[in-house]
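Right, one structure below, let's go through it.
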Amino acid sequence: MTESNDTPIQPEAGDERQHRRIKSFVMRAGRMTEGQQRGLDQGAPLYVLPLADAPVDYDQVFGRSAPRSLEIGFGMGHSLLEMAAAAPEQDFIGVEVHRPGVGALLNGVLTQGLTNLRVYDCDAIEVLNRCIADNSLDRLMLFFPDPWHKSRHHKRRIVQASFAELVRSKLKVGGILHMATDWEPYAEYMLEVMNVAPGYRNLAEDGKCVPRPAERPITKFERRGERLGHGVWDLKFEKLA
């Protein structure tokens, strides 16, 4: 999940590439398993959505009106599959640029026969800007994004003031931005960004992090980290207006 997010940071003025948006993901080639290739071959025509030039009518896409969540950077798709299977009354949209991950998710969708999940295999910020109508999402999830540890790479982090504002514009009033990270300095950084972002309320009682919500599945990576004494920090912010 850590290499698939995108951030709307702009290069500094005077940069010869200032027309290009700095991205927080790095495209890496990955070897496809048989199942992942099956997912792409059979699932993509059914479940992968193209970038649109106008907001998409997801009621038409899903054939119903239902609570709608979007996850940026779903990695291999295990958590998103589990959430979609556990909540058939809700609709889910996943965004991921890593092709093996997209294939793995789609293979799971086919195997489980899910109908409440659709996928974009492209830049998440492009999806938000071009496809998602304002005030339309009930929840946006960002689990374990790349923290870009080095200071000179912090500009690549997806969580920035401009990202918070873009997400706020897409959430319904009362909608939730749910983030999780396994690196405490990034959790602190997220808090710094969100605490000054207008139009949000931190749902943590202590104004910091919330206990792990039951609706967020625990990944194998997270379980391994827990055995080693590593922490995970969940942050939830509600859109006020």
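Any Cβ shown, glycine's included, is placed from N, Cα and C.
Keep in mind that what you see is a predicted model, and the values were worked out from it rather than measured.
According to Swiss-Prot, the feature region 'Disordered' maps to 1-20. The S-adenosyl-L-methionine binding site feature in Swiss-Prot is assigned to GLU71, GLU96, ASP123, ASP146. Residues or ranges marked as active site in Swiss-Prot: ASP146. Marked as substrate binding site by Swiss-Prot on the basis of sequence analysis: LYS150, ASP182, THR219, LYS220, PHE221, GLU222.
Taking the features listed in Swiss-Prot, we show where each one sits on the structure.
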residue: GLU71; record: S-adenosyl-L-methionine binding site; DSSP (3 states): strand
residue: GLU96; record: S-adenosyl-L-methionine binding site; DSSP (3 states): coil
residue: ASP123; record: S-adenosyl-L-methionine binding site; DSSP (3 states): coil
residue: ASP146; record: S-adenosyl-L-methionine binding site; DSSP (3 states): coil
residue: ASP182; record: substrate binding site; DSSP (3 states): coil
residue: THR219; record: substrate binding site; DSSP (3 states): coil
### Neighbour-count leader, CB within 10 A, binding-site residues: GLU71, GLU96, ASP123, ASP182
GLU96
### Task
Within 10 Å of the Cβ of PHE221 (substrate binding site), how many other Cβ atoms can you find? Include all protein chains, please.
17
### Residue among binding-site residues GLU71, GLU96, ASP123, ASP146 with Cα closest to the Cα of GLU222 (substrate binding site)
ASP146
